[in-house]
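Student: Dumping the structure here so I can ask a few things about it.
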Amino acid sequence: VSMIFLSSSSGFSSPIAAESFNYKKFFEMVGLKKKSPEDVKKVFHILDKDRSGFIEEEELKFVLKGFTPDGRDLSDKETKALLAAGDKDGDGKIGAD
């Protein structure tokens, strides 16, 4: 499903272009809200590269590369917006819960 989001033939703008990433559309396309808690934890552990139990800003920057080999790094602005969307307690990182 996420590959459709990343293709230019989808109904969404391609996140390959700088500053084009829309986290709301991304969450919708990957079906995040429809995933079971177990599936969400699996994705969390994939993104938590340093196994700290948190997804930090540096790890989020590379999230698109986890979905397609030609995915680009998110800009600082895009990364901060994505982090803010997932940071429930305001500590600057995303926890597993």
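Heads up, the Cβ atoms here are built off N, Cα and C, so glycines get one too.
What TrEMBL records for this protein is below:
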- 35-70: domain 'EF-hand' (DOMAIN)
- Asp48, Asp50, Ser52, Phe54, Glu59, Asp87, Asp89: Ca(2+) 1 binding site (BINDING)
- 74-97: domain 'EF-hand' (DOMAIN)
- Asp91, Lys93: Ca(2+) 2 binding site (BINDING)
Student: Per DSSP, what is the helix/strand/coil residue tally across the domain 'EF-hand' (35-70)?
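Tutor: Breakdown, helix to coil: 19 helix, 3 strand, 14 coil.
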Student: Within a 10 Å radius around the Cβ, which one of these binding-site residues has the most neighbouring Cβ atoms: Asp50, Glu59, Asp91?
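Tutor: In terms of Cβ crowding, the pick is Glu59.
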Student: On the 0 to 100 scale, where does the mean pLDDT of the domain 'EF-hand' (35-70) fall?
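Tutor: The average pLDDT of the model in the domain 'EF-hand' (35-70) works out to 87.
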Student: Express the distance between the Cα positions of Phe54 (Ca(2+) 1 binding site) and Lys93 (Ca(2+) 2 binding site) as a whole number of Å.
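Tutor: Checking the Cα atoms of Phe54 (Ca(2+) 1 binding site) and Lys93 (Ca(2+) 2 binding site) gives a distance of 6 Å.
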Student: How many neighbouring Cβ atoms, not counting its own, are there within 10 Å of the Cβ of Asp87 (Ca(2+) 1 binding site)?
Tutor: 17
Student: I'd like to know which of these binding-site residues, Asp48, Asp89, is least surrounded, judged by other CB atoms within 10 A.
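Tutor: Checked Asp48, Asp89; of these binding-site residues, fewest Cβ neighbours within 10 Å: Asp89.
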Student: Taking 10 A as the limit, how many CB atoms besides its own sit near the CB of Lys93 (Ca(2+) 2 binding site)?
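Tutor: Excluding its own Cβ, Lys93 (Ca(2+) 2 binding site) sees 18 Cβ atoms within 10 Å.
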Student: For Phe54 (Ca(2+) 1 binding site), just count the other CB atoms lying within 10 A of its CB, please.
Tutor: 17
Student: Rounded to a whole number, how many Å is the Cα of Asp48 (Ca(2+) 1 binding site) away from the Cα of Lys93 (Ca(2+) 2 binding site)?
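Tutor: Between the alpha carbons of Asp48 (Ca(2+) 1 binding site) and Lys93 (Ca(2+) 2 binding site) there are 11 Å.
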